[in-house]
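S.K.: The domain 'PurM-like N-terminal' annotation in TrEMBL covers B:37-149. Under the heading Mg(2+) 3 binding site, TrEMBL lists B:Asp39, B:Asp84, B:Asp237. Annotation comment: TrEMBL describes B:Asp39, B:Thr53, B:Asp84 as Mg(2+) 4 binding site. Marked as Mg(2+) 1 binding site by TrEMBL: B:Thr54, B:Asp55, B:Asp134. Annotation source TrEMBL lists Mg(2+) 2 binding site at B:Asp55, B:Asp84. The annotation substrate binding site is assigned in TrEMBL to B:Asp62, B:Glu276, B:Trp320. Sequence annotations record features per position, and here TrEMBL assigns ATP binding site to B:Gly133, B:Asp134, B:Arg159, B:Ser239. Sequence annotations record features per position, and here TrEMBL assigns Mg(2+) 5 binding site to B:Asp240.
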2 protein chains.
Amino acid sequence: MHQAPADPTIGELSEGEILARIAARTGRAASAIVGPGDDAAVVAALSGSVVATTDTLVHGPDFRLAWSSGYDLGWKAAAVNLADVAAMGARPTALLVALAMPNDTRVSFVEALADGLRDACDALAPGCAVVGGDLTVSATLTVAVTALGDLEGRQAVLRSGAREGDVVAVAGELGVAARGLSVLFDRFRDASGSPVPVDPARLGAGEADILRGQLRPSPPIGLGPMAATAGAHAMMDVSDGLGLDARRMADASDVTIDLMAATLGPDVVSAIEGGEDHALLATFADDVLPPGFRAIGRVVARGEAPLLVDGRPYAGPGGWDPYRDWDSVSG
Amino acid sequence: MHQAPADPTIGELSEGEILARIAARTGRAASAIVGPGDDAAVVAALSGSVVATTDTLVHGPDFRLAWSSGYDLGWKAAAVNLADVAAMGARPTALLVALAMPNDTRVSFVEALADGLRDACDALAPGCAVVGGDLTVSATLTVAVTALGDLEGRQAVLRSGAREGDVVAVAGELGVAARGLSVLFDRFRDASGSPVPVDPARLGAGEADILRGQLRPSPPIGLGPMAATAGAHAMMDVSDGLGLDARRMADASDVTIDLMAATLGPDVVSAIEGGEDHALLATFADDVLPPGFRAIGRVVARGEAPLLVDGRPYAGPGGWDPYRDWDSVSG
């Protein structure tokens, strides 16, 4: 009889066998009426609408396998999508995961990825889980996640709702993920610039947490629905950097946003220009903010510049655009 | 002032500029409460649940650019996902599209892809449209689509519901897409085996239609909800070949499916083994089938073999498994 290798590649198993191994690890969504295994999933949407978003991680521009484990990758792919649902004021209910992987990918890697998806849901959005997905062969490892959510009767909070006089507030980290990426790029590449695995012995004080912010971000998903309940006028997640995303909110709302540098921590440039933390950026009419949010600025009348810092136009780059900044290194 | 090239690559434009060009072409979903442009879309789900599925097309295993235009690719990516929604008995309401593309992809290609997505929705599932998406840079062109749908109060029709005595029926083509793939592989490759563009002058009678079945399939999406209303016991779409998918239905339902070869057209092997038509396979208690469905067999008590043809176990391969059959040719 055929003896299965201890850790086969996905090319050695059928699609059905791989899907069964993933489904055994990802748990069940509380809202799932029909879970994985049919043509499609059916998810409860009791309030009569569904929030839906999709975001993809691609090997090369979005992660390097020398730095990210399968678990990290699954966690991050879940977290970035959960944040987009939360930023509408919705509670995440379900994930769909499209995996495109080289044939020589180890099944243990795929299983770790499934564990990361599950644990991110359990930690950040309890009740949410994978309800379906798709497997494809590809030369480039790609994880495309779609997240669904329920507004539970709340109005969706758009990025276009900021009003003059609003307090600008944020919940979650700013700049930590970018500092983590700097640690990786500056210290864990070889002479040719290729990524090499992180050696924990070479990390300074606090750097393990900073790296975790990059590889396994934990945005405050539960605060999205709370902000909506508290009457947030506008909300979005900070995926490409506070500067760029605050400009987007200002443009969508036809206002100017004035940030206070003193509220942005010791490393103001990282806080404004660093992406990938997926903090929640929101505006509120009231100075009394919901728990977890801190004031970082004020909405003012639309001026020439969409973004000010301490009343002056911010001259630095606004954030990270994957189409402009990709350096094409994989590894 | 900077003069934009007539047909720039996506590397020459910002993510926002590309998204605006796509959004200008994809129309608006009738069910969209919040459409593209925010962190997530909001789609009506009036009956209190949402059907959701995801399926990915990857350059190489799933399509070749010498054979598929951007328009073909958009059409097919929509069609295969709409079929999964229809196979649950639901009406498709919205698509989310995650595009991962090489930096040198022409914007005209992306625009044609958007046109194909829109036209497939308009033709196959009126009211459905793209409500959101994601753009990423990748070495491998990848189109991951998530489709949402509404059961409108109907019960979801699962693949596990077939009962002994049911009529097995199908709506849509069987084997046409596979014959189209054969035309491409047999006649439109160069001496080294690489795909070359189709020369219409070299197509025989009817072959243009057969190619269209492969490159731009038109599954009978509207018949999915009709089958559910008519009381279908089980339903799924035939994506990997009738043989393999009927076996899956038989296994999920713990029955055996007995197909009648005489109902499968002149090319029985193509009909049983050819994938990618996305016909709807369903079982009904009654011999009176809903319009558009034709009887192709009978559900019998579970025997040793899940699949029979004319009462005898079918010996041929059951269909197409992308993990086993990928030949790694791109082009």
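Sequential numbering from 1, following the chain as shown.
For all residues, glycine too, the Cβ spot is worked out from N, Cα and C.
Those TrEMBL annotations? Automatic predictions, nothing curated.
Note that the structure is a prediction, hence the values are computed from the model and not measured.
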S.K.: Hey, of B:Asp62, B:Gly133, B:Arg159, B:Asp240, B:Glu276, which of those binding-site residues are within 10 Å of B:Asp84 (Mg(2+) 3 binding site), Cα to Cα?
M.R.: none
S.K.: Quick one: of the binding-site residues B:Asp84, B:Asp240, B:Glu276, which have a CB under 8 A from chain A's CB atoms?
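M.R.: It is B:Asp84, listed by sequence.
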S.K.: How many of the residues that make up the domain 'PurM-like N-terminal' (B:37-149) does DSSP mark as helix, as strand and as coil?
M.R.: 35 helix, 45 strand, 33 coil
S.K.: Just to verify a number: CA distance, B:Ser239 (ATP binding site) to B:Glu276 (substrate binding site), in angstrom, no decimals.
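M.R.: That separation, Cα to Cα, works out to 5 Å.
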S.K.: How many whole Å apart are the CA atoms of B:Arg159 (ATP binding site) and B:Thr54 (Mg(2+) 1 binding site)?
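M.R.: Each residue's Cα considered, B:Arg159 (ATP binding site) and B:Thr54 (Mg(2+) 1 binding site) end up 17 Å apart.
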S.K.: Any idea what the model's mean pLDDT is for the domain 'PurM-like N-terminal' (B:37-149)?
M.R.: 97
S.K.: Quick check for you: of the binding-site residues B:Thr54, B:Asp55, B:Gly133, which have their Cα within 10 Å of the Cα of B:Asp62 (substrate binding site)?
M.R.: none
S.K.: Test of understanding: give the count of other CB atoms lying within 10 angstroms of the CB of B:Thr54 (Mg(2+) 1 binding site).
M.R.: 25
S.K.: Of B:Thr53, B:Ser239, which of the binding-site residues has the most Cβ neighbours inside 10 Å?
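M.R.: That would be B:Thr53, with the most Cβ atoms nearby.
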S.K.: Where the record says B:Gly133, B:Asp134, B:Arg159, B:Ser239 bind ATP, what is the longest distance in Å from one Cα to another among those residues?
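M.R.: So the maximum pairwise Cα distance among the ATP binders is 31 Å.
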S.K.: Cα-Cα separation of B:Asp134 (Mg(2+) 1 binding site) and B:Asp39 (Mg(2+) 3 binding site), in Å?
M.R.: 10
S.K.: Cα of B:Thr53 (Mg(2+) 4 binding site) to Cα of B:Gly133 (ATP binding site): how many Å, rounded?
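M.R.: Pair distance, Cα basis, whole Å: 15 Å.
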S.K.: CA-CA, which of the binding-site residues B:Asp39, B:Thr54, B:Asp55, B:Asp240 lies nearest B:Gly133 (ATP binding site)?
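M.R.: Ranked by Cα distance from B:Gly133 (ATP binding site), first place goes to B:Asp39.
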S.K.: Can you check what DSSP calls B:Arg159 (ATP binding site), collapsed to helix, strand or coil?
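M.R.: Looking at the DSSP assignment, B:Arg159 (ATP binding site) belongs to neither helix nor strand, so coil.
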